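Note sheet for the following structure.
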Amino acid sequence: MQKSITSFFKKKSDATDSPSPPKKVPKIDAKTELPDEPHIKSESASPETKPKVEPMSVDSEEKTSPVKNVKKEPKEVDDKTTDKKVTTIGLNSTAATKEDVENYDPSADSYHPLKNAYWKDKKVTPYLALARTFQVIEETKGRLKMIDTLSNFFCSVMLVSPEDLVPSVYLSINQLAPAYEGLELGVAETTLMKAICKATGRNLAHIKSQTQLTGDLGIVAEQSRVSQRMMFQPAPLNVRDVFRKLREIAKLSGQSKMDLVYNMFVACRSSEARFFIRSLIGKLRIGIAEQSLLTALAIGLVKKNHIDDCKASKVPDVYKDEIVDTTLLLKTAYCQCPNYDIIIPAILKYDIKELQERCPMHPGMPLRPMLAQPTKGVHEVFERFGGMQITCEWKYDGERAQIHRNEKGEISIFSRNSENNTAKYPDLIARSTALLKGDVKSYIIDSEIVAWDVERKQILPFQVLSTRKRKNVDIEEIKVQVCVYIFDLLYINGTALVTKNLSERRKLLLEHFQEVEGEWKFATALDTNDIDEVQQFLEESIKGNCEGLMVKTLDEEATYEIAKRSRNWLKLKKDYLSNVGDSLDLVVIGGYKGKGRRTGTYGGFLLACYDTENEEYQSICKIGTGFTDEDLQTHSEFLGKHVTSAAKSYYRYDPSLEPDHWFEPVQVWEVKCADLSLSPIHRAAIGIVDGERGISLRFPRFIRIRDDKNSENATDANQVAHMYQSQDQVKNNQKSSTQMEMEDEFY
């Protein structure tokens, strides 16, 4: 955190990445009619850059204009710095000129959050200002610069039109509400193409061919809209209305949805069309994920609080510690209260130090779960915990579940990635009162749901649980019975417990809840500091159809660390006694056509880890083993629905690995391997262990689909680097190198 935030105070050149060579895009005749879902492989695609979009050719004799970029004035040079010249509006001005609008660029070093907010006289944020911000961010290579640009826009909104901050934030991460509410757009591309045709007079085949060429319906929509002449220009869009209309669209269906999409698209100008269409598709494609947005929001808040001391958009060094503290407080608050409708009004009204008090955790709003670090053996556990008091719990092979009850007695069930699974488990809700002991009005418990054999009274494999219906579950038709194993209590009767140690939380859990055979059980646990007892308990857990053990501290460093993969929880699985300490959860980003017996399906796949710092997917291996014929058929049918015409701009890979088809990052697989090694081809964790090489898996083998994880919850680059460095052969080499360095230094 310290490193990434303080980097904002370095020179601009330090915060940006070097440009990559342009991507070659195959030319396609715009008048050639393509099938509804064609898959065209891009030529010599470079994974590091976004495609350069050429001006569209037009049906008949109509001419089109290329997409307008944000206009930039010639640079002015003085003795100290070179900077963009940005038109500023005087503090007493009453109206923005056309030049003010066209030159709006929150990435400029001379940008002033108040003076350059050209909408300040109307107090309503134009959607075009947000769209231009997105456009600049999309064209920016450096992540820190992207965050700084967004922070400038947020600061302007805070100062000029604070009521627009909530919709601006949601639109920046392409959400319409907190994630746990499940309100999503996801309008089909075919529907949007028809709306674009209706609004612009374009031919549907032409729109399809251009979308195939660019891989981006948003770009096609913008170019179609820019080239269109209109007798009467609709009133300009503003952020508040666009957000409200998008929420309406999400709740509508049929022709009424189509009509509203059409009416909104007709009102779009310039880059508004691009990002409006992308929002409807559900892929904004600007590279801003939630953690980056929270950082931008924190920096924007500090700029706003010290606007009189800021020279343009630059924050004086004296406030850099405040930025670090504000970012940490904001991210911590969001972990326990993931709702911008609550957080943003609080940061605008109260001091940031009051944020956690103003945004408390409460039932019905999921927390980001605490996660465990993998270990390779019992000895490593005792090396980590030393003389601390520890407890070992069986690690159940099921689905993580955070179960909430509010004061009204309403039950909510959330997955590890905050997805609302309440409708999936009506049977658990029906029997939830039997769990209670004593006066319990509200609670949040952390648990694991497993498939349960009622007759044999034993746990069934995860694969059985995965066959259970996810939606529209009728309690009378449930075939897979479940049992809940509870291992933590986070909230009870209005009191948050996350700052208490595990011993206290467990005591309260046993006081207020009780087991019900085959329905509700406490995790089987053993408190011990004896290494032989831990080894024996591990073997017992495996016989009990579990994955292994979770080892936790009881008193020291034993608070519940929300949203953190903590070294105070260690997982010890039966597979850990091999060279690699853990399986990996990887994202499928590409597929290779099968040959021989596998003809007609994909025979192999390209997998990637997720780099949370750079918000990109980095290739880590090609995989073709561990699949049954049925697996390959299932994967091919599912992934075939998510093929894209080119690699995403946030995929990092070597061109030699290019698959036959690229996929959207929609599915996570659990994978085992023999070991990890440095690779000149794969890009996983590149720059962490080695400056020029990434890390790859040797002999990867498919284990299962992880439906409980989304792509951004996949194994991240830092975890991959840690797993590589934890291997015995790597540690031995490091020791040898260190010894040689010491000897060289001595002599």
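Cβ from N, Cα, C; glycine included.
Model, not experiment: these values are computed from the prediction.
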Position flagged as phosphoserine [Swiss-Prot], chosen from S44, S711, S737: S44
Listed residues S60, S503, with the one flagged phosphoserine by Swiss-Prot: S60
List of residues, in chain order, with Cβ under 8 A from that of K395 (active site, N6-AMP-lysine intermediate) and at least 6 apart: S541, C546, E547, G548, L549, M550, K571, L572, K573
